[in-house]
């Protein structure tokens, strides 16, 4: 079932199998949006469990589990705008199973009933179904006292404007609800009480509250609905009216009663209605759980979660908020199970895996449930008496404005938006506080608590008891609050919902989950409408796309090494089976069996397989087992045949002996011999009588002696057992006292150890907390010191740079001074030449001024660069500070991670302590067992003493029996002497021999007497031997018991030693964990050291990055040079390629000429011969080389030489041929060639356009299969994988299309079943596998497929053939079914046998049998003959024909027997004769057609036995025994039904008495059979396709021209 399309039954089956296989609890989580079908899916899952796991008890628990669904849907489901049957509450159903995995009970948990729907419904919505069901049945007598009206006259049911649902009958649903109430054992009194409360709620909604002005309201006491409400619930009308319109306020000094306005009075009325309905809902659920609880221990359970889906309406309130919050939690659980756990397992097993990113909705959940989240702020606001929805919304905007998942709508100040995993939802804040408080005035509760209606009063009394007994949640407010007078002290609705949701998540996490994702095709509730964008949105929201990605990349199947070794050890070779290293053995076996290493991976503890690989291994395993079974069957059958032959041979020899003896006796008989024989008989009679009397006396004396000894032995044995029991009681008394004292001492020691460990743990916790605080302070100091040292180093660097700048400035000033001095010297030297050099002086002054300006500009530039460097250092300082802050934060995160690791280690240590305690308990149990074994060991010497006593008794008995035997011998001798003393001497008695011929007669008489005495003595000796062997067997049994007890003692001692070793390992593990805890501070120091090394590595990486940049530049230059060289080489190669292309064209022209010549040769060749076969091989090799020539450019020269040589050989052979005989036949290879573009034409002509009638007349029926296979052979010869895949896929798709278009045409189905089966056989026969080649000819073995393994395509063809076979059977059954009942039962094949009809019966007028007069038994036989002739025309395999005939005969027998069970007029003696006659006709038809081996008559055995039962006598006890013995194919229910329905036709027959029926039932009581009355006429026998090799030579087949397949070329 898991291989089919997704189905709810497949998920349920997988959950049930995993529970039975792994003994673990399971959960089925049905999720999806509102209206997607979650409730129906959960219902089908529960129905599957109820059908599969029948309880087998009289309580019928599974029926009760299913019966709970209509009740819960009636009181908890309603119509919404998105769903006509929307669940307005969450339901988790735990179905309990026992150790045999049968249902023993169930339990339901509900979540967040939408109480507001009772008093308010939106447009186009309805209230809960139960209200409309009651209103539709208001006219019934049991509802008269409720004074119900139609649904449109009650305010609570007409708000939405929708009173009915299309396609739903509320009246029938009410009957179903009442029926399921009764099935669950809920009596009519309870049902009437429930209906009273529901009717009272409807009447309460119609109570009119008037406005009296000045914030006052009133309710008239004359209101009829008020009177009905008070009458039904037994409450005071005055008190109810008063406290609906007033409110009591308790002050410090007094109590004030204050009137309330109409709006608050209406709210109080609605709150009362909601509270009553909620209590009623809880009560019904509790009663259902009580009814579903059955005595018995639960072994495992399967939980089915049907909870509300994701909802978004035009107006979303508190209920939609809670619903979507629950869906967020479920989505998170799905992510955790599917994504996180799957990927963690791959990482844990070291499997190469690329992590897949998926949406994690933890931020949304934190937004809702975290501290200062939405629910937290809501509960805080509910604590304030003056809190309003608006103030709470303002708090949300203040605290959650920075959260990206929380938004404030632009156009509304009374709403907020949350980004859920499925969509954005806008919630209206109005009513959030009121619904979260869920308040009801205490005065109204007191009125209901004082009700005279006990059913209602118990609701609120139980609530009061719970409120008194339970401890409330302690909330520590910021300041003392004022106690509210009109509210009960209880938790908010949101808080309750959070806690129940947490419990649900814990339950789901503790089980193995299975997911059902319900998808809505459209949002308009329209049939056959598919909104692809909406569906993709749902798939993406629920994580299905990521799941598909993981499934495509992952390994869904996995085995541990031990499991793989134990299951597939049968596939291992003898040298591979190594028990010492199973892991390496598994690797070796897998590498040998699966060639592709990508199909599996080896983990640390498991082997991971991709999809399909485990199925392949299972196939190999089944093949190996099948071969072993065949070998065993071969030897067993040979042995049985040899044994049969030897028995027959022995029987023949014995018969020969008797026949030969009889012949010799007849030859030797005469008158004298007859007289002598008669006289000898008389003497023998008297002598034997005397001898037997003497033997009787001897045996009597011996038996009396034996009885005396045995009775004494039994008495002594009984006395010894009594003494043993007395001693055992004394030992038990002292041992139990010792055990009790020891148990008390161990318990006291354990308590002391627990106290010490707890105190040590507390001290360690304190020390660890102090060490953590000290470590934190030390780390902060170190970070501050490091940051300070870094800043100091940076400042020192800046100071060095400033010093450098001052040195530069001084050097510039020195240069200026030097320049001035040089200028002065030059002026002094040139004063003499002042006049001549004035122009030069001016030029020098200009140059001086220019140089001065440049120096000044350089100085300014250096100064500005220094300032910029200073600013750059400041920026670096800021960046360093930010980096240190980031590092500090990272360090804090690492510290938090270490804290979490410490907590986890503590939890593991606690778990190990628990394991140590369990181990201690196990040790105690083992010690008790050792004590018991020591007791058993103590009894071993006593058993040995008993053995010695028994041996002594046996020796005494032997001596006594010897004495008695001696006495008996003496008596026999005395008797013989007394008898023969006077006739024969004593020497003759002692030494008489048969050689004495004188006194033969007398000696024979004496020997006969002596033989009689010897026989008596032999009887005594045999009895003595039996007693001796009996005693010896008892002694051996006691010895075996002693050995067994010693072995058990040794085993338990070994087990105790192993347990002690386990305890020692646990202690070592605890010490290791404690040492690891002590290493944590060292780890922290190592973390800081690693942080420092990280910084050094970053600096080192920066340096390497610079070096790499330089290297990359060098490499790029080198690459550019190489690219230029390669471009030049490429141009050179292109020129060469052009030359090669020209050569190629020339060769192609030569090839075309060769092909023309070969075509000319083909037209001339007509017959086969050996000379032409060689030529044909050369031509085929040339064509193959021509096809592959385009792919072998690097071998062109060699191919050219070969082709030229072959051309020469062709020319010479052509000359020889012209001179020799003119006609030489072809040698075909059994292959058909076609071009790729002709593939669609081939499929169209050979499959789609082919008509079976023309094929059957003009050619062999299975020719299409052979043609397709010859095409497959040619593609395999070419080694063209793409062409093969396209051919196989197109061929299978075309056959499927033909079957789909002609699914009612019997001839088409028969034709393609025959061809598909033949193609499957061809693929097997030519696959090259040895098991399919045993009956093939040498030519067929040579023509096997060489390049491809088509086993997968064979499997696809096999599945297609099975589909065609089932459709083929459906067509035959559909045409045969109308003729079965008229032909087998109603038609009189024996004329006049049914002329008398039983009185009181008339002819049926059912539409099924309107045309029954036209059908006879001949019609059935004619139809069967037609089917058989069509199948034979299509050359269908005989095995398939036999299976089809067997299926049709089963249909005939099952349909006929079912009608006999249902029709009393068919249960008569004459009708039985008629049926047996018809069965004989069908048997004759089988013999005529040669189908006796199909076992079709076995399917008619139940019908034949039923006909015999109608004919046989049914009165005496012998008749009852005959019925029980001969009706083996009928179960008890069917036999009793036939006997009770038997109707006599005339006065000579009588009805079957009830005593006879009871007698038959008592005889059939122990028979194990089913309890079904009817046979399943739709049952199908398993179809098998046996391998049948074909002797058809493919090379001799010719394609007819009528198929229009001229483009196919025979190779």
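Any Cβ shown, glycine's included, is placed from N, Cα and C.
Keep in mind that this is a model prediction, so the values were computed, not measured.
TrEMBL assigns the feature region 'Actin-binding' to residues 501-523, out of the candidate ranges 501-523, 524-546, 547-569, 570-592.
For residue 39 (ATP binding site), other Cβ atoms within 10 Å of its Cβ number 25. In terms of DSSP secondary structure, the region 'Actin-binding' (501-523) contains 9 helix, 7 strand, 7 coil. Apart from 32, 33, 34, 35, 36, 37, 38, 39, the residues listed for ATP, the same chain places the Cβ atoms of 83, 86, 309, 518, 520 within 8 Å of the centroid of those Cβ atoms.
Taking the Cβ of residue 37 (ATP binding site) as reference, residues of its chain lying under 8 Å away and at least six apart in sequence are, in sequence order, 518.
Sequence-distant contacts (6 or more apart, same chain, Cβ under 8 Å) of residue 38 (ATP binding site) comprise 30, 31, 32, 87, 306, 307, 309, 516, 518.
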